[in-house]
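**Student:** Before we start, here is the structure in question, set down as structure tokens.
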Amino acid sequence: MGFNVTNSIKTSSDGVWQGENTLHYAFPLLIIQTTLVVFLSRLLAFLLKPLRQPKVVAEILAGIMLGPSAFGRNKTFTNCIFPSWSTPILECVSNIGLLFFLFLVGLELDLNTIHKSGKKAIGIAFAGISLPFLFSIGVAFVLRKIIKGIDSVGYGEFFLFIGVSLSITAFPVLARILAELRLLTTQIGEMAMAAAAFNDVAAWILLALAIALAGGGGVHHSPLISLWVFLSGIGFVVFMFLIIRPIMIWVAKKSSNGNNNIVEETCICLTLVGVMLFGFMTDFIGIHAIFGGFIFGLIIPKNGDFSEKLILRIEDFVSGLLLPLYFASSGIKTNISQIHSVKAWGLVVLVVSTACVGKVLGTFVVGIMLCSMPMREALALGFLMNTKGLVELIVLNIGKEKKVLDDETFAILVIMALFTTFITTPIVMAIHKPSSTQNPQLEKPQKKIKKQNNLRILACLRGPRDARALINLIESLRSEKNNNNYASVTKLYVMRLVEFTDRLSSISMVQRARKNGFPFIGRVLFRDDATDQVGAAFEAYSTLGKVIVRPTMAISGLSDLDEDIIHVAEKKRVELIILPFDKYWQMEGNEEVEIHAGHGWRMANERVMSQAWCSVAVVVDRGLQLVDNGMRICIVFFGGADCSKALEIGSRMVEHPAIRVTLVRFIHHGSTNFDEVERTLDDSTIAEFKMKWGKQIVYSEKEANNLVNEVLEIGKSGEFELMIIGNNKSKFPQGIMAKLFDEQQLNNSEFGPLANLLASSDKGIKSSVLVIQQQQQEAKFGNSKVASSFIDKDIV
């Protein structure tokens with residue numbers, strides 16, 4: 001049966017029962033192509049994950065493998081899956097994805113951040129662009145001399161395309177590499193992000209100039225036409241900033257301020273239509289359609305939740321499904337077999353080495369001379385700035401489309417982009433040592449602490465809800481006394497935990513974190529922004545005095561967040577880490593609904609509890625609040641190191657005038673897991689506590705034989721806003737352990753059986769719970785090998 005390549009291509013077939021091959025029709029073939037591309041790119045991403053390679057490397061490789069360099073060498077495969085008649089359809093769909101992806105990239109970039117990035121970042125970006133551009137003069141000359149047929153293209157446009165391809169830094173890819181290496185919010189990471197953002201904008205300007213000069217596909221034309229194209233492009237940018245930007249500011253406010261879902265949907269829909277409309281406008285004036293989408297994304301205001309809503313609505317569909325098709329269409333054009341001679345491979349070495357030397361050398365020199373960076377950091381920054389990616393492929397595809405680049409030159413430059421990105425992670429890991437990943441402020445010697453009993457706490461949170469519970473908990477620990485026996489100052493390190501993923505919204509979040517800081521904003525507080533809400537809460541709380549608040553932020557994958565927490569705890573020498581539980585409860589109507597943060601957060605908590613050198617507390621929040629009448633707290637004591645630590649923390653709360661503390665001790669008789677030494681220590685701890693605070697607390701003793709029911713009764717009664725309990729995973733009487741296992745399945749692996757019971761959602765517990773774990777072995781200060789990724793605004 002022949003292909004239906006007549007005057008038109010049919011969209012869909014009549015089905016296999018009609019004797020038709022569905023792969024000979026556009027739509028079913030597109031489905032198969034998309035499925036194959038996504039599957040292969042995801043498979044390669046999984047295989048390359050141990051090498052810590054960004055996803056773009058897998059996507060480029062998948063595209064090359066599907067092209068004539070690998071699978072495409074089989075003519076049957078090519079004719080069946082990627083026939084020539086399907087190429088325009090594949091490219092149309094992939095370019096729609098590319099248009100919207102560049103719109104998302106524009107949404108990522110904040111011009112205010114670039115403006116405020118400082119002379120150092122701009123200097124690094126300028127050196128990273130100018131030196132490779134200078135080197136590209138010689139590279140372009142050599143390529144034109146050796147590769148046949150290129151000399152028919154004007155030297156100016158050929159040089160510009162080579163220069164842009166050698167000098168580009170892929171901003172989104174760089175962000176993901178920095179996150180993978182735990183450098184995203186360190187000094188070198190912030191410098192790289194700021195310089196890459198500036199580099200990105202400069203690269204688009206240069207590419208627009210190259211397209212204007214290339215004009216109609218490498219054919220020599222009047223310079224006047226190129227001038228008109230370039231001036232029209234400038235006019236389009238001015239029009240977008242002066243006319244469209246104020247309109248989009250109004251649209252963003254309308255969408256954010258109103259509670260009307262119809263208005264919000266209309267605003268988002270019109271914005272997405274605008275992406276295609278402005279893409280058409282730039283294509284109409286002779287510049288590629290992606291410029292329209294990029295500039296439109298750039299002018300949308302970043303100081304609200306409108307840009308976030310846009311990203312969340314379309315990024316998964318665009319990045320996960322449509323964008324891989326662009327890599328596939330690029331791979332189909334890449335034929336590495338064109339590089340078949342020793343001379344051709346010598347050109348590959350020349351191009352790769354020139355790209356690396358130009359970018360790394362320029363960044364290295366400026367990093368040392370202008371920024372006074374250590375040599376290792378400057379060298380690592382140079383390799384980071386040499387990251388290529390999607391933007392590189394866009395430049396090369398436009399050059400090939402304009403017939404400025406031939407097949408061999410195109411393949412050489414694709415190999416260069418792939419190689420430079422692939423080597424970035426291993427080289428930076430080898431050069432950049434963990435000790436140098438920290439902000440220089442961290443290396444300042446700690447001031448001497450006059451009062452040795454100062455309480456130093458690292459409080460971790462995920463968002464505004466956790467902030468409320470933490471503030472009330474810290475307030476309960478704030479001592480009102482000021483004497484030699486007890487410290488009156490609590491030093492609080494607040495760490496915002498943010499999960500970094502491959503989503504573009506993660507990069508936008510990093511940009512806002514760099515711009516706003518955390519939690520002290522000192523700028524306009526934007527509504528509906530979680531970071532700003534948290535910042536405002538702790539900024540207000542710090543004005544109370546008695547509590548010194550120091551902000552940090554950890555931005556990592558969930559599998560790495562525990563390392564950031566432990567590292568900061570060691571660096572600050574904190575006595576207690578406070579973590580939010582992975583569940584919380586909120587009222588919806590008359591029903592209490594359980595909200596899960598996710599299994600990854602629970603595992604992060606469990607790793608911190610098992611590896612931290614200091615004590616760890618987990619807050620199970622059920623609306624913890626310090627009300628006008630004060631807070632009622634019950635300390636449940638049944639013995640062991642964890643309960644002793646819980647009693648120590650509770651002793652600080654006794655001093656607070658608005659808090660009433662009740663201590664309930666459960667006495668064990670008969671055969672237990674507790675030896676006589678531990679029993680004696682428990683008796684001594686209780687006696688000391690009663691002697692010091694006996695007149696200010698309520699104390700009672702109960703039999704441990706009925707421990708489960710008694711503790712459940714306390715939690716269900718609603719008499720106490722907070723229960724404090726030791727984790728005690730194993731030290732229980734055998735009979736009680738059996739009773740606990742009968743009561744429930746231990747769903748929360750980080751907790752002991754009794755804490756598990758109180759954290760359950762099906763037992764009717766009304767009190768919030770603070771689960772305390774005392775570490776048995778303390779690590780020495782400064783022995784961490786973790787390269788933490790966090791922002792620290794003020795270290796004392």
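Cβ coordinates are placed from backbone N, Cα and C, and glycine is handled just like the others.
All TrEMBL annotations are machine predictions without curation.
TrEMBL lists 25-44, 56-73, 85-109, 121-143, 158-179, 191-213, 225-247, 268-299, 311-332, 344-366, 378-398, 410-431 with the feature transmembrane segment. For 38-428, the entry in TrEMBL reads domain 'Cation/H+ exchanger transmembrane'. Here TrEMBL flags 492-624 as domain 'Cation/H(+) antiporter central'. Summarising the annotation, TrEMBL assigns domain 'Cation/H(+) antiporter C-terminal' to 633-775.
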**Student:** Going along the chain, which residues at least six beyond the ends of the transmembrane segment (410-431) come within the CB cut-off of under 8 Å?
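**Tutor:** That would be 51-54, 56-57, 60-61, 64, 162, 165-166, 170, 173, 177, 180-181, 183, 330, 333-336, 338-339, 344, 347-348, 351-352, 355-356, 376, 379-380, 383-384, 386-389, 392-393, 396, 399-400.
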**Student:** Looking only at the domain 'Cation/H(+) antiporter C-terminal' (633-775), what are its DSSP counts of helix, strand and coil residues?
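**Tutor:** Split by secondary structure, the domain 'Cation/H(+) antiporter C-terminal' (633-775) comes out as 62 helix, 32 strand, 49 coil.
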**Student:** Could you tell me whether the transmembrane segment (268-299) and the transmembrane segment (56-73) are in contact, taking contact to mean 3+ Cβ pairs under 8 Å with a sequence separation of 6 or more?
**Tutor:** no
**Student:** Short question: which residues 6 or more past the ends of the transmembrane segment (85-109) have a Cβ under 8 Å from it?
**Tutor:** 3, 5, 9, 26, 29-30, 33, 171-172, 197, 200-201, 272, 275-276, 279, 289-300, 302, 307, 310-311, 314-315, 318-319, 321-323, 325-326, 328-329, 332, 390, 394, 504, 507-508, 511
**Student:** Using a threshold of three or more Cβ pairs below 8 Å, and leaving out pairs closer than 6 in sequence, do the transmembrane segment (158-179) and the transmembrane segment (268-299) count as in contact?
**Tutor:** no
**Student:** Take the C-beta pairs under 8 A between the transmembrane segment (121-143) and each of 25-44, 158-179, 191-213, 225-247, 311-332. Which stretch has the highest count?
**Tutor:** 158-179
**Student:** Counting only residues 6+ away from its ends, which parts of the chain sit with a Cβ under 8 Å from the transmembrane segment (311-332)?
**Tutor:** 33-34, 37-38, 41, 59-60, 62-69, 72, 82, 87, 90-91, 93-98, 100-101, 104, 107, 268, 272, 390, 393, 396-397, 414, 502-505, 508
**Student:** Quick check for me: are there 3+ Cβ pairs below 8 Å between the transmembrane segment (378-398) and the transmembrane segment (25-44), leaving out pairs under 6 residues apart?
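**Tutor:** Since fewer than 3 Cβ pairs under 8 Å link them, the transmembrane segment (378-398) and the transmembrane segment (25-44) do not come into contact.
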**Student:** Looking only at the domain 'Cation/H(+) antiporter central' (492-624), what is the mean pLDDT?
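**Tutor:** Averaged over the domain 'Cation/H(+) antiporter central' (492-624), the predicted model reaches a pLDDT of 72.
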**Student:** Using Cβ atoms and a strict cutoff of less than 8 Å, what residues sit near the transmembrane segment (225-247) while being 6 or more residues removed from its termini?
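**Tutor:** Residues packing against the transmembrane segment (225-247) from afar: 208-209, 211-213, 215, 274, 278, 281-282, 285-287, 291-292, 295-296, 299.
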